[in-house]
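Novice: Pulled from Swiss-Prot, these are the listed features:
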type	residues	note
BINDING	115, 116, 117, 118, 119, 120, 121, 122	ATP binding site
């Protein structure tokens, strides 16, 4: 038994990757590659940016790390199903919204909530930051949270309010939420790298990160890249950012939640002209896309518009002082009519 434990410990050390000595391991850790999984999912060009590693050596190091971490290559469908069993779900606070999402917000997936101002995007983020800390039998994952705040919308007072409604100590809940304000798109991307270092530290302390939130995803990208001439550069940068988030989710079995802004399509004459910003890059990378709309008073309507395995559908929920809650039956019936 002890030999197996030693072997597992060896596997997670960077120095055990063929071609990686103590000095290279030190440089990798300083660059944010603190585990063999992080090395295994890196690209050769990314690793070549670490001092002293050529692109040729980077390819060899990545291949060796993939073998040790058992990442890459083909696997049978039943093995994929077995791996899918490690996926967890976080309750939103509303049974109907959870049902729409197939049981809650999934780990190892990007869930995008988009809608107009006041549609409930940030409220859902705050609620998830509380709920992820609940025990598993109550819909949580007993995990920590990282929030990348691009619009200065995080409010600790709201967290305390929602936590106390769940019977939790608000100040204790806040201790497990790590917030960083992103000042531009480069800083936003850098914070994902910093999040990996923080996640490693918290993992060792027995407080694993189970949720990373970006509220909002496109705010800085839209402000900095104006006009059609900059669109290609913006989309390339955005693509890398989303893939970095996805890697984080897979490495730490964390849910990735992003909020997104909307724009009106002038070419749509009938129906709802609203669409999320970010183009095809966001559309293809987000696993679940939920369109949020304002209803009467505290009611909000969530429409699932894209998912790999769930049908399109709608759910009605309420945003109250206590947080995200189910709508009353009479409100649901009115919507169906």
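Glycine is no exception: its Cβ is also placed from the backbone N, Cα and C atoms.
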Novice: What other residues of this chain sit with their CB within 8 A of the center of the CB atoms of 115, 116, 117, 118, 119, 120, 121, 122, the recorded ATP site?
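Specialist: Close Cβ neighbours, site residues excluded: 123, 292, 294.
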Novice: If you skip the near sequence neighbours and keep only those at least six away, which residues in the chain come within under 8 angstroms of residue 119 (ATP binding site), Cβ to Cβ?
Specialist: 292, 293, 294, 300
Novice: Could you check what DSSP calls residue 122 (ATP binding site) once collapsed to helix, strand or coil?
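Specialist: Helix, per DSSP.
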Novice: Test of understanding: give the count of other CB atoms lying within 10 angstroms of the CB of residue 121 (ATP binding site).
Specialist: 24
Novice: I need the least crowded one of these binding-site residues (115, 118, 120), counting other C-beta atoms within 10 angstroms of each C-beta.
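Specialist: Ranked by other Cβ atoms within 10 Å, the binding-site residues 115, 118, 120 bottom out at 118.
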